[in-house]
Ligand code: CA2
């Protein structure tokens, strides 16, 4: 049976491709989901690609992943910089966690330089555009081998 990776996306990422293309690129979140499914298949993994604007929903999916997933890739969006609750939920998950940011957050406003999630993440991607999700999946394949 193939291992499942949850790919979780936080608030406002449903707007990807519709605004601020100079920061986040032109691809929509649906485009990213299709590319992730393709890369996961090549890597011998199954991915569950999810987005919510609600912190509690993301926490519920992290809890669900405790039984259902071997690894988590997460772009918590703005909750990266504010949410101890998401950090606590990720700390309850035993498998590898990779944090992804489309933009190079360290080149941006100071409030984007701190991440609660990085205290749990086994790897962090920032500034690779949406390609970062695919690179994260490849690294997840390596971590789960
Ligand atoms: O670079 C990233 O992936 C971020 O996680 C994106 C978040 C931002 O708050 C983080 O600091 C860095 C913002 C997600 C909102 O995405 C939008 C995309 C297109 C149009 C509007 C919002």
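In case you wondered, yes, glycine gets a Cβ from its N, Cα and C as well.
On a predicted model such as this, the values are computed, not experimentally measured, just so you know.
The following features are taken from TrEMBL:
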ACT_SITE  24  active site, proton acceptor
ACT_SITE  101  active site, proton donor
BINDING   75, 81, 88, 102, 103, 112  substrate binding site
SITE      19  site 'Transition state stabilizer'
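Within 10 Å of residue 24 (active site, proton acceptor), as judged by C-alpha distances, no binding-site residues are found among 75, 81, 88, 112.
Cα spacing between residue 103 (substrate binding site) and residue 19 (site 'Transition state stabilizer'): 14 Å, rounded to the nearest whole number. Classification of residue 81 (substrate binding site) by DSSP places it within a helix. One residue stands out among the recorded positions 19, 101, 112 for having the most other Cβ atoms within 10 Å of its Cβ: 101. In the three-state DSSP classification, residue 75 (substrate binding site) falls within a strand. Largest Cα to Cα distance within the recorded substrate binders 75, 81, 88, 102, 103, 112: about 24 Å as a whole number. Around residue 88 (substrate binding site), a 10 Å sphere centred on its CB holds 13 further CB atoms from the protein chains shown. Under DSSP, residue 88 (substrate binding site) is assigned to a helix (H, G or I) in the three-state scheme. Cβ neighbour counts within 10 Å, taken over all protein chains shown, single out 75 as the most crowded of the binding-site residues 75, 103.
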